[in-house]
């Protein structure tokens with residue numbers, strides 16, 4: 001399942017970097033919220049503070065990374081050229097950033113206006129992304145699991161966004177409170193559909209490319225993408241029909257898909273050509289272990305009838321978001337950002353600095369250890385809310401270190417492009 005990559009189709013450097021460099025700021029904000037209101041965050045997954053934290057990480061940090069990745073991956077890997085990427089990014093990025101801030105503020109009590117602002121800004125940004133990405137993906141002659149996975153992910157993004165806007169309007173009093181029952185579907189389409197399918201579609205390319213593993217089997221990549229898409233549609237239909245077990249069945253089905261993806265990825269990584277366990281590999285291993293744990297936990301919850309008194313859904317959320325998705329994104333940022341900086345430098349100078357000089361392995365490993373400690377503190381905080389303060393400090397430090405490392409890579413890039421000898425980062 002070799003991918004035909006067209007690096008000459010890559011967008012201008014400023015297009016994906018503006019999203020990647022904004023993501024750490026939301027991690028800083030989420031960490032600060034944990035320090036100040038960690039007790040309320042872990043009291044229930046439905047408290048305003050818990051919802052604000054969740055959306056700082058998902059609509060804030062994760063969405064910035066994922067949209068930035070779309071701008072980079074669509075033309076290079078799928079041949080889906082986006083309409084005027086500089087103009088599109090200049091529209092989408094500020095709307096996405098300010099919309100994420102407004103949404104978190106709305107949950108934290110800023111009032112109805114904050115939700116209206118968030119809906120307007122996020123709606124504009126995501127509608128533009130959906131329209132342009134869909135046009136490119138459906139016009140491209142390229143085929144294969146990556147293209148079909150990206151198509152399904154973009155559709156899931158539209159569904160998740162529509163459900164999210166309905167929930168925001170219900171919280172705002174515009175729609176009836178009964179609309180709040182759509183929360184489970186919103187979570188499924190946002191994490192299992194949009195984030196999960198996008199992660200898988202990108203993994204088909206980047207895991208063999210950056211971790212030097214064999215390619216995923218073509219049948220597995222097709223089956224996983226089709227299976228998740230069918231599961232989302234069927235599960236939603238059953239939920240809307242009133243089947244009481246639809247939510248649990250959908251959650252377990254998505255968790256099993258995540259476990260299958262994790263098992264396949266770990267099996268490929270054991271066969272990698274480069275045996276050194278670098279930071280990116282460690283981030284991926286943490287992510288896959290976290291995703292693999294979801295299915296047995298959810299099955300235990302359903303079979304035992306909430307044996308943890310409401311703590312288990314919070315535990316699942318920590319594993320999925322912090323342990324799973326954030327771990328993958330951190331690991332891939334440390335491969336993708338140096339790579340695209342190096343790629344652009346190679347067009348300008350004859351001997352660009354090695355990618356390992358842009359962000360050193362020592363600094364990446366430091367961030368992995370910090371992130372691992374943060375995930376551990378979040379897991380402890382599920383039962384010991386006082387640990388949320390430590391988790392918040394570690395999350396904020398993680399965001400700060402990510403910003404510093406990416407900024408350092410950009411500094412090396414600018415120095416090399418200006419003809420100066422780039423200075424090696426400490427560490």
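Any Cβ shown, glycine's included, is placed from N, Cα and C.
Here the transmembrane segment (15-36) has Cβ contacts under 8 Å with residues 49, 52-53, 56-57, 60-62, 64-65, 67-69, 71-72, 85-86, 89, 93, 96-97, 100, 104, 329, 333, 336-337, 340, 388-389, 391-400, 402-403, 406-407, 410 of the same chain, all six or more residues outside its ends. Taken from TrEMBL, the feature transmembrane segment covers 15-36 (among others).
TrEMBL lists 56-80 (among others) with the feature transmembrane segment.
Residues or ranges marked as transmembrane segment in TrEMBL: 87-108 (among others).
Through the fold, the transmembrane segment (114-138) approaches residues 59, 67, 70, 74-75, 78, 80-83, 88, 91-93, 95-96, 98-100, 102-103, 105-106, 147, 150-151, 154-155, 157-158, 161, 164-165, 168-169, 171-172 of its own chain, all at least 6 residues removed from its boundaries and within a Cβ separation under 8 Å. The transmembrane segment annotation in TrEMBL covers 114-138 (among others).
Counting residues 6+ beyond its ends, the transmembrane segment (150-169) has Cβ neighbours under 8 Å at 70, 73-74, 78, 80, 103, 106, 115, 118-119, 122-123, 126, 129-130, 133-134, 137-138, 175, 179-180, 182-183, 185-186, 189-190, 193-194, 197-198, 201, 225, 228-229, 232 in the same chain. Marked as transmembrane segment by TrEMBL: 150-169 (among others).
Feature annotation from TrEMBL assigns transmembrane segment to 189-212 (among others).
The feature transmembrane segment is assigned by TrEMBL to 219-242 (among others).
The transmembrane segment annotation in TrEMBL covers 248-268 (among others).
Long-range contacts of the transmembrane segment (280-300) within the same chain, counting only residues at least 6 positions beyond its ends with a Cβ under 8 Å from a Cβ of the stretch, are 207, 210-211, 248, 251-252, 255-256, 258-259, 261-263, 265-266, 269, 272, 307, 312, 315-316, 319-320, 322-325, 327-328, 330-332, 334-335, 364-365, 368, 371-372, 375. TrEMBL lists 280-300 (among others) with the feature transmembrane segment.
The transmembrane segment annotation in TrEMBL covers 312-345 (among others).
According to TrEMBL, the feature transmembrane segment maps to 366-384 (among others).
The transmembrane segment annotation in TrEMBL covers 390-414 (among others). Under 8 Å from some Cβ of the transmembrane segment (390-414) lie the Cβ atoms of residues 17, 20-21, 23-28, 30-36, 38, 61, 330, 333-334, 337-338, 341, 344-345, 353, 357-359, 363-364, 366-367, 370-371, 373-374, 377-378, 380-381, 422-423, 425, all in the same chain and six or more residues away from its ends.
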Could you tell me whether the transmembrane segment (87-108) and the transmembrane segment (312-345) have 3+ CB pairs under 8 A, leaving out pairs under 6 positions apart?
no
Are the transmembrane segment (87-108) and the transmembrane segment (189-212) close enough that 3 or more Cβ pairs fall under 8 Å, when only pairs 6 or more apart in sequence count?
no
